[in-house]
């Protein structure tokens with residue numbers, strides 16, 4: 001029997017934590033929904049760690065992305081308007097995320113998510129990575145997500161509990177090496193060695209290992225790390241969203257170069273093949289994604305024309 005094509009093998013997705021830069025991952029999701037919806041439909045398991053668990057739950061339950069994006073922008077604006085931002089004692093960031101999820105997730109979210117959505121947590125008692133995938137209600141999903149986003153001293157001081165066990169941010173631990181399957185698509189807003197992530201221009205950088213992950217430090221990545229903890233400006237939020245969309249499109253184009261075509265039949269991506277060969281994923285100037293049916297560019301390209309009046 002011939003070996004099964006990677007396109008038809010069971011896929012899984014892993015959204016890594018990136019704080020306020022989940023907007024990048026939302027851009028990735030929008031691209032996958034519009035350009036390669038089969039990836040999301042066929043993914044048997046969708047993992048999320050830390051803030052990435054928010055995106056994972058949204059993907060698993062098929063939430064309206066535009067509404068989530070607007071609610072996220074509202075949170076960013078509120079946080080930026082508070083002195084000290086997210087570390088202000090007068091701000092409950094987790095409560096705001098809780099409200100966002102409660103509004104976004106459908107009432108039957110637990111039925112849609114059970115056994116498919118896997119939220120990665122760090123157990124306080126032994127610092128081990130734990131994945132939870134059984135949920136009895138929509139509220140249990142939200143509680144698990146909030147536990148995975150709990151950063152000691154940043155979002156609070158007393159770890160939260162899920163099903164009677166206390167957990168902290170999922171990024172404080174790492175799953176066993178066997179966790180990472182060959183068919184897992186890993187998404188991160190920071191420049192790691194992942195499938196869909198920013199690819200900085202070649203230059204001088206150094207790497208270090210922290211929170212069970214390898215970090216590549218360049219000026220661009222250092223800026224992203226700061227934005228993970230302190231929300232970016234209104235204009236930067238839209239730019240990160242667009243960047244996620246572009247990087248996802250580049251990932252799809254790069255795979256097609258190697259004979260793995262995830263793209264929907266009516267979608268073409270005019271990415272420069274020479275750039276793909278060089279392994280670059282800087283946004284191609286004038287990138288437009290068109291369908292043969294509609295023959296028009298996707299609305300997302302309008303994000304580059306944000307009015308200066310909307311900047312914070």
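Cβ coordinates are placed from backbone N, Cα and C, and glycine is handled just like the others.
Residues or ranges marked as active site, nucleophile by TrEMBL: 50. The DSSP secondary structure for residue 50 (active site, nucleophile) is coil.
Less than 8 angstroms from the CB of residue 169 (active site, proton acceptor) sit 17, 50, 122, 148, 149, 150, 151, 152, each of them six or more residues away in the same chain. Marked as active site, proton acceptor by TrEMBL: 169.
If you look up TrEMBL, you'll see 292-312 marked as compositional bias 'Polar residues'.
The domain 'PNPLA' annotation in TrEMBL covers 13-182.
Positions annotated as region 'Disordered' by TrEMBL: 288-312.
Within the same chain, residues 14-22, 25, 117-120, 145, 148-149, 151, 169-171, 187 sit at least 6 positions outside the motif 'GXSXG' (48-52) and bring their C-beta atoms closer than 8 Å to a C-beta of that stretch. Per TrEMBL, motif 'GXSXG' is recorded for 48-52.
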**Request:** Would you identify the secondary structure of residue 169 (active site, proton acceptor) according to DSSP, in three states?
**Result:** coil
